[in-house]
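Participant: Before anything else, here's the structure in question.
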Amino acid sequence: MSASSITGDFQDFLKHGLPAIAPAPGSETPHSPKLEEKHREKRAGLPDRHRRPIPARSRLVMLPKVETEASGLVRSHGEQGQMPENMQVSQFKMVNYSYDEDLEELCPVCGDKVSGYHYGLLTCESCKGFFKRTVQNQKRYTCIENQNCQIDKTQRKRCPYCRFKKCIDVGMKLEAVRADRMRGGRNKFGPMYKRDRALKQQKKALIRANGLKLEAMSQVIQAMPSDLTSAIQNIHSASKGLPLSHVALPPTDYDRSPFVTSPISMTMPPHGSLHGYQPYGHFPNRAIKSEYPDPYSSSPESMMGYSYMDGYQTSSPASIPHLILELLKCEPDEPQVQAKIMAYLQQEQNNRNRQEKLSAFGLLCKMADQTLFSIVEWARSSIFFRELKVDDQMKLLQNCWSELLILDHIYRQVAHGKEGTIFLVTGEHVDYSSIISNTEVAFNNLLSLAQELVVRLRSLQFDQREFVCLKFLVLFSSDVKNLENFQLVEGVQEQVNAALLDYTLCNYPQQTEKFGQLLLRLPEIRAISKQAEDYLYYKHVNGDVPYNNLLIEMLHAKRA
């Protein structure tokens, strides 16, 4: 199969979709003019609704670029591939984060430079004094206009009525002003100030860090046996006795190329674009609430049952950045994906003789292949991605398809896995020891690396909001070359990074390093995906994986 035919099929797939994937059922930030000028060029490629002034805080972090030295396998289609005896995972380095020094806070009332915490939040000296005098002297103002006068640094004294109203609206607290006209506020607000200050310091400390360094990883893949001699115990139960009544559409047809589409193509429900989305400076100019939640009371918990959307609303909406809420809307209907894959496996088994069962590796490949179809459909229907031209979409997906598969598998284990088992996309728990005892050393090494990463992410309390952020960071990689709309890709990456940083600091304040630790997992995911690609190619050239599946199409497209 030529690279050109693969590319042509993939283009058609991205344009028209697949009939096999069912549609889901019904589903004023102050800024500096100088800073606006600084970022205007970088935002030139963004659609109009995304061309909002991006303050320094929205560009705090850029995804660390990973330098890899892929140790690929030199083979042709006709060769019987031999895995090197020792295939070394290359070292990974992470570059420093870029950082804008302009972190100056602005008064939420008038936009002047803040001087400290006054009566509930950060304000300037002028508004602090005005608010104090108004409350202590019990002044009553009137507005000669329509009670909506503009309040800024140049005309904050023109209408005291609207100025005081704005003080209240942004969160300045009447009860914080002392009635005895003595200096100082009420002591009960001290803990709030300390907590808010600590959050800001954590945020700045993460940004000012010299960068995160990933220690060199070295995992050796031993020589592989020539074939898979045993089956995994219990895994065939995934293709037996599966109910079909709830499956809306037939599964993917493997009698033809997975890229060929029918005239009736799938249409995804539109998700509203982020018209009201404000770039992320989540902490600055935010009113300090009188009560703060326990550090983990609003944190997402492990979700029971098989649906990534379970527990999605456990956190207060105010603690989840708007962008992350929009990313969550793009998530696929997991029960539907599960049902479709199970139906496909049953159909595959029914098409075979009763004595002829799928091999364990073949069954896993078909699960991964169908999962990859759902991942591509997720990308095609996602915000930002659907605004790219097909050529850019192809380049991004061809770059990261294996990483998205690995990340999907790992999150499934974090959210739904049980001790000593592997949780499959079909909803089946398979005994881990049975897999280890019945598969090749190289496959076991891959599985072991993935399980180690699962343990680390569980210890970090990895949740669904962070999962969707990592998915977008993997998909919108600025490492991809020759993109026509690189500005959009880079802009999405930076905005998702900023939203993820705000989310982790708001919801996990005691885990001060969580944001950095999550980013450190990305090169580890890439390392595992590289090994998985090499292993898949090895199995393919030895005839263990057929040509007519999406996994191999993507593998050849990436290596072309």
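Placement of Cβ uses the backbone N, Cα and C atoms for every residue, glycine included.
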Participant: Kindly point out the range from 141-156, 173-188, 189-204 that Swiss-Prot annotates with region 'C-terminal extension (CTE)'.
Facilitator: 173-188
Participant: According to Swiss-Prot, which stretch among 86-106, 107-127, 401-421, 422-442 corresponds to the feature zinc finger?
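Facilitator: My reading of Swiss-Prot: the zinc finger range is 107-127.
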Participant: Just jot down the residues in the same chain as CYS127 (Zn(2+) 1 binding site), at least 6 apart in sequence, with C-beta under 8 A of its C-beta; none if empty.
Facilitator: CYS107, VAL109, CYS110, ASP112, HIS118, ARG156, ARG163, CYS167, MET172
Participant: These are the binding-site residues: CYS143, CYS149. Which one scores highest on other Cβ atoms within 10 Å?
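Facilitator: Answer by Cβ density within 10 Å: CYS149.
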Participant: Spatially speaking, which of the binding-site residues CYS124, CYS143, CYS149, CYS159, CYS162 is closest to LYS539 (phospholipid derivative binding site)? Use C-alpha to C-alpha, please.
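Facilitator: Going through CYS124, CYS143, CYS149, CYS159, CYS162 one by one, the closest to LYS539 (phospholipid derivative binding site) is CYS124.
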Participant: Which number gives the other C-beta atoms within 10 angstroms of the C-beta of CYS162 (Zn(2+) 2 binding site), all protein chains shown included?
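Facilitator: I count 20 other Cβ atoms within 10 Å of it.
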Participant: Where does CYS162 (Zn(2+) 2 binding site) sit by DSSP, helix, strand or coil?
Facilitator: helix
Participant: Determine, to the nearest whole angstrom, how far the Cα atom of TYR535 (phospholipid derivative binding site) is from the Cα atom of CYS159 (Zn(2+) 2 binding site).
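Facilitator: Between the Cα atoms of TYR535 (phospholipid derivative binding site) and CYS159 (Zn(2+) 2 binding site), the distance comes to 71 Å.
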Participant: In whole Å, how far is CYS124 (Zn(2+) 1 binding site) from CYS159 (Zn(2+) 2 binding site) when you measure between their Cα atoms?
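Facilitator: Computed Cα spacing between CYS159 (Zn(2+) 2 binding site) and CYS124 (Zn(2+) 1 binding site) is 17 Å.
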